[in-house]
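A.B. asks: In case it's useful when we look at the structure, here is the feature table from Swiss-Prot:
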TRANSMEM  18-38  transmembrane segment
TRANSMEM  55-75  transmembrane segment
TRANSMEM  103-123  transmembrane segment
TRANSMEM  130-150  transmembrane segment
TRANSMEM  187-207  transmembrane segment
TRANSMEM  225-245  transmembrane segment
TRANSMEM  246-266  transmembrane segment
TRANSMEM  284-304  transmembrane segment
Amino acid sequence: MTAHLSYVEAVVVGAFQGVTELFPVSSLGHAVLVPALVGGRWAQDLSVSAHRSPYLAFIVGLHVATAAALLVFFWRDWVRILAGFFSSLRHRRIRTPDERLAWLIVVGTIPVGLAGLALEQLFRTTLGKPVPAAAFLLLNGVALYAGEVLRRRVAPVADEPAVPDAEQQHGDEASDNRLAQLPLRRGVLIGAAQILALLPGISRSGITIVAGLWRGLSHEDAARFSFLLATPIILAAGVYKIPELFGPLGAGIGGQVLAGSIASFVCAYLAVRYLTRYFQTRTLTPFAIYCAVAGGASLVWLALR
């Protein structure tokens, strides 16, 4: 991607990133597959596997915008969570649900943070290609469907200890209180599932929702915990690479980055608003079908080209 990237292209990519980052369909997998399937200049300019691609600087702005959308949508939760975190440090113990939820997010973020520092560039350069991305997208669909199947088998047993007052409690704060009842080790396991999202085609939100379902959470609570977990890691990934945005890779694309970031923010906000309502009554199955079909069809298309 060079300075000739049009504003229309920047807005389209930004909007696509904002939606696919939060929908359980893998933003990285689509970022690899869509340019390859479209071909032409898109395949050349929008490469995530090239080590010095300006597209990587563009993606930094989109990540920061997506994280900002999550912070705005969940701002009440983050006020309570941050207050709980600092309160626990001050008192040197965990006393309230907000304090416990804060530490669940901390311990759930550490594994993927360390893995990302060690493996992100390796995975992106070696696996950030169309065929691996299509294969992992297919596997993502299988994982989402398997999560639903296992959820139906274990739900009657798993829901009792994890969510004792689920039918009586309603609202965002009630959901946070239910999440705070998770043992810390379960928070680590659910958060560690994000490591798989370093693979192009595996969805961060999808795999953490599946992990939450396997550990006895409802769809609503699993999705909420997934989005709360995603916020610090997406923000950290963007902030960590901000020097690339203001370095040589970002030269000449400032306007496009701004346009794409605005589109990403708006679409990410609308996406999380929709999904938090969707998972109150619905499941991962439609996304599983989409990923399996899209991944399988992409493999066939790439093989026949």
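Every residue, even glycine, has its Cβ placed from backbone N, Cα and C.
Give me the local environment of each listed feature.
C.D. replies: Beyond the transmembrane segment (18-38), the same-chain residues lying 6 or more positions past its ends with a Cβ under 8 Å from any Cβ of the stretch are 45-49, 59, 62-63, 65-66, 69-70, 128-130, 133-134, 136-137, 140, 144, 197, 200-207, 209, 227, 230, 234, 263-269, 271-272, 275, 284, 287, 290-291, 294-295, 298, 301-302.
Residues 24-26, 28-29, 32-33, 36-37, 199-203, 206-207, 209-210, 213-214, 283-285, 287-296, 298-299, 302 of the same chain, all 6+ positions outside the transmembrane segment (130-150), place their C-beta atoms under 8 angstroms from a C-beta of that stretch.
Tertiary neighbourhood of the transmembrane segment (187-207): same-chain residues 21-29, 31-32, 48, 103-105, 107-112, 115-116, 119-120, 123-124, 127-128, 132-140, 143-144, 215, 223, 225-227, 229-230, 233, 275, 284, 287, 291, 295, selected by CB-CB distance under 8 Å and a gap of 6+ residues from either end.
Remote same-chain partners of the transmembrane segment (225-245), defined as residues 6 or more beyond its termini with a Cβ less than 8 Å from a stretch Cβ, comprise 21-22, 56-57, 60-64, 66-68, 70-71, 74, 77-78, 81, 101, 104-105, 108-109, 112-113, 116, 179, 182, 190-191, 194, 204-205, 208-209, 212, 217, 257, 272, 275-276.
Nonlocal intrachain contacts for the transmembrane segment (284-304), taken as residues 6+ away from its ends with a CB within less than 8 angstroms of a stretch CB, comprise 23-26, 29, 33, 36-37, 130-131, 133-145, 147-148, 201, 203, 206, 209-210, 219.
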